[in-house]
Amino acid sequence: LQRSFPFHGLQISSFVNSSQTRTDCLAWLGELQTHSWSNDSDTIHFLKPWSQGTFNFQQWEQVQNELWVYRLSVTRDIHDFVKLLKLTYPIELQVFAGCEMHPGNTSESFFHVAYQGMHVLSFRGTLWETAPGTPPFVKLVVKELNLDHGTREMIQELLNNTCPQFVSGLIEAGRSELEKQVKPEAWLSSGPSPGPGRLLLVCRVSGFYPKPVQVMWMRGDQEQPHTRQGDFLPNADGTWYLRVTLDVAAGDAAGLSCRVKHSSLGGQDIYPVLG
């Protein structure tokens, strides 16, 4: 590996009442969405031709069965905790879990749970732990969860063994797409005036892959600290778009440039020209 690759799954579970629930899951390797799992399906859907990685059919079936058991146990546990703690529906639960592979074939895993949008607990090592500032009832939840040795062992196995093994194969199978390099195009313009005697300079960068990029307004060799970066937006072809602005006095615009650094450029930064 030349760089780290995080593999993370997002689970969203909605409990409307004691009989009406739904759980949907999505997974990403880096910035590429690789899997989805609808509440209405018993099977995980592949979003890439290489989404099975190097696992054979039997290995993948075993993982899918373990995750299916996990999904059922989460639903059961939530309903049990509602009764035990006298909680009220509706309940929203989010789980963010996975592992990150680093150069040297090392990995680290993570498993975080949010209740009603608030981070409440995490799985670390072999045990569940409360997050800082959580409601008092979460301590009781953690105590009960830590008594369930079977589920804890299953999560340890998934996080520490299955996930790194699967993700290593996923990276190998998807290497050509993961290592794809697409050069950015960049152009300058001016935006709506921020005020009397002011200019908003806009540097647009588009069509680049992978996502990490550095875009900075410059005066000579000096980075301009008031450079403001917008959100990364996806293009239809899987590349990215970014807008970076600088608010300056009209008389100070001369001599400013926009510098774009990206891995596809081989160290040759680009400086688009206003025009």
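Cβ coordinates are placed from backbone N, Cα and C, and glycine is handled just like the others.
Sequence annotations record features per position, and here Swiss-Prot assigns N-linked glycosylation site to N17 (among others) based on sequence analysis. According to DSSP, N17 (N-linked glycosylation site) sits in a coil region rather than a helix or strand. Shown in sequence order, Y89, P90 are the residues of the chain, 6+ apart in sequence, with a C-beta less than 8 angstroms from the C-beta of N17 (N-linked glycosylation site).
The feature N-linked glycosylation site is assigned by Swiss-Prot to N39 (among others). The number of other CB atoms found within 10 A of the CB of N39 (N-linked glycosylation site), across every protein chain shown, is 13.
Cβ contacts within 10 Å of H149 (D-galactosylceramide binding site), excluding its own Cβ and spanning all protein chains shown: 9. Sequence annotations record features per position, and here Swiss-Prot assigns D-galactosylceramide binding site to D77, D148, H149, G150, T151 based on similarity to another entry.
The disulfide bond annotation in Swiss-Prot covers C99-C163 (among others) and is backed by sequence analysis. The secondary structure of C99 (disulfide bond), as reduced to three states from DSSP, is extended strand.
In the three-state DSSP scheme, N105 (N-linked glycosylation site) is classed as coil. Its Cβ placed at the centre, N105 (N-linked glycosylation site) has 9 other Cβ atoms within 10 Å. Annotation comment: Swiss-Prot describes N105 (among others) as N-linked glycosylation site.
If you look up Swiss-Prot, you'll see N160 (among others) marked as N-linked glycosylation site. According to DSSP, N160 (N-linked glycosylation site) is assigned to a helical segment. The C-beta environment of N160 (N-linked glycosylation site), restricted to residues of the same chain at least 6 apart in sequence and closer than 8 Å, consists of S109.
Annotated domain 'Ig-like' per Swiss-Prot: 164-274, in sequence order.
Annotated disulfide bond per Swiss-Prot: C203-C258 (among others), in sequence order. Counting Cβ atoms from all protein chains shown, C203 (disulfide bond) has 26 others lying within 10 Å of its own Cβ.
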Euclidean distance between Cα atoms of C163 (disulfide bond) and H149 (D-galactosylceramide binding site), Å: 20
As a test of the contact definition, list every same-chain residue at least 6 positions from T151 (D-galactosylceramide binding site) whose Cβ is closer than 8 Å to its Cβ. Y70, S73, L145
Of the binding-site residues listed as D77, D148, G150, the one whose CA lies nearest the CA of N105 (N-linked glycosylation site): G150
Where G150 (D-galactosylceramide binding site) and C99 (disulfide bond) are concerned, what is their Cα separation in Å, rounded? 21
